[in-house]
Amino acid sequence: MSRYLFSSESVTEGHPDKICDQISDTILDALLTQDPRSRVAAEVVVNTGMVVVTGEITTTANVNFTKLVRDKIREIGYTEADNGFSADSCAVFLALDEQSPEIAQGVSCALEVRTSEEDALDRIGAGDQGLMFGFACTETPELMPLPISVAHRLTRRLAQVRKDGTLAYLKPDGKAQVTVEYERKDGVDRPGRIDTILISTQHAAVIDDLSDNDAVQARIKADLQTHVIGPVFADLDIRPDAQTRLLVNPSGRFVIGGPQGDSGLTGRKIIVDTYGGYARHGGGAFSGKDPTKVDRSAAYAARYVAKNIVAAELADRCEVQVAYAIGVARPVSIFVETFGTGRVSDEALMLLVREHFDLRPAAILRDFDLCRLPAQRGGRFYQDVAAYGHLGRPDLDLPWEHTDKAATLKQAIQTAAAV
């Protein structure tokens, strides 16, 4: 038996890059709520005292972009001007254009339509070329890798204890990283123990009557053990042990944070958004993009495929790649890999995927109702996945997390085996 370490990180909603992702998806939610046909590519930059919203938007919706920006910043928790960034005092600059008519043509009128080789679902072409990956494994109940699952739990808990006043001295910016020791036996990898927990969290310079930084850091570490780490691991089978390293603010001090400490940009946390580096990534970001962009919708669909394969007990680990050409509806390739954990061959699974999953953009939009979900969910949907992961979210009802095809896949394999 061999052992190895694997690490994944997460960031809080107050991290500068995540502020941008959430603003981008708040704009997307508002536009799709009014006009489900909106074409959106909203990019955001934040820095000390400043927000820039740019990109390409084509819509009939009428929204107050500046108000959307300020409301989201306030919800995240940046309300004090002395942080160098606050909802009411930051400047908001808008620089928005319409979607390129050449790109719009390829999306609205796919190659299959232009060559008269189509059915109704061929009408929408992919918004760009690219490759997307989906993944699932049996390490957690939500079928996600353990390191990223625990890292997200930690950052969500950091935000919770800040907002509910349990640890009122915490500020919005923060990060967590979890290192898991895996055991490999007979070619099978299983998480064995938690090797390292790293938390960096922004905090007030003075906590109660403590002003000495060493005392402040000791208080933070003790509080995080009690109010964050303990509750996060309470319902997990794998927990920190006597040898687990706990690192809290190892840089020594974290008072200056958020956009005052670092600029932020939409789309810079794509590994945090997905599988924490445990699976491959095609490179395309999600936030700020309407669902006709396959960077987003096809990555969700690939996760759906992989999760249903694992839920059907056809594999313990499954990765699905799908690739597209701009303006073409049908994927140019589909690939399935189970890393030696499959109950049937990867080739058989690829045939199963082609038979039971329609991965054309219009079919993905239809099956998940991606353009109408914001209106159906009271005006907010995408902004809720813009922090703490787009995948493996038991706290949210996400259509790509459903395992409604697992029974069908299992039956199809059993039927084929009986022939």
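Numbers here mean position along the shown chain, with the first residue as 1.
Including glycine, each Cβ sits where the backbone N, Cα and C put it.
With a cut-off of 8 Å between CB atoms and residues at least 6 apart in sequence, the same chain places Asn213, Val216, Gln217 near Arg253 (ATP binding site), listed in sequence order. For the recorded site, Arg253 (ATP binding site), the DSSP three-state label reads coil. Residues or ranges marked as ATP binding site by Swiss-Prot: His15, Asp173, Gly174, Lys175, Arg253, Phe254, Asp262, Arg268, Lys269, Ala285, Lys289.
The Mg(2+) binding site annotation in Swiss-Prot covers Asp17, and the record cites sequence analysis as its basis. Secondary structure from DSSP puts Asp17 (Mg(2+) binding site) in a helix.
Proximity of Glu43 (K(+) binding site) to non-local residues of its own chain (separation of 6 or more, Cβ distance below 8 Å) is seen for Cys20, Ser24, Val53, Thr54, Gly55, Leu265, Thr266, Gly267, Gly288, given in sequence order. In this structure, Glu43 (K(+) binding site) is part of a beta strand by DSSP. Residues or ranges marked as K(+) binding site by Swiss-Prot: Glu43.
Here Swiss-Prot flags Glu56, Gln99, Asp262, Lys293 as L-methionine binding site. Glu56 (L-methionine binding site) falls within a strand when secondary structure is assigned with DSSP.
Per Swiss-Prot, region 'Flexible loop' is recorded for 99-109.
Here Lys269 (ATP binding site) comes close to Val11, His15, Asp17, Lys18, Asp21: these same-chain residues lie at least six apart in sequence, with C-beta atoms under 8 angstroms from its C-beta. For the binding-site residues Asp17, Glu56, Asp262, the largest tally of other C-beta atoms within 10 A is found at Asp17.
According to DSSP, Lys269 (ATP binding site) is assigned to coil rather than to any helix or strand. If you average pLDDT over the region 'Flexible loop' (99-109) in this model, you get 57. For Glu56 (L-methionine binding site) paired with Lys289 (ATP binding site), the C-alpha to C-alpha distance reads 10 Å. Each of the binding-site residues His15, Lys289, Lys293 was scored by the number of other CB atoms within 10 A of its CB, and the lowest score belongs to Lys293. For Gly174 (ATP binding site), the number of other Cβ atoms no farther than 10 Å from its own Cβ, over all displayed protein chains, is 26.
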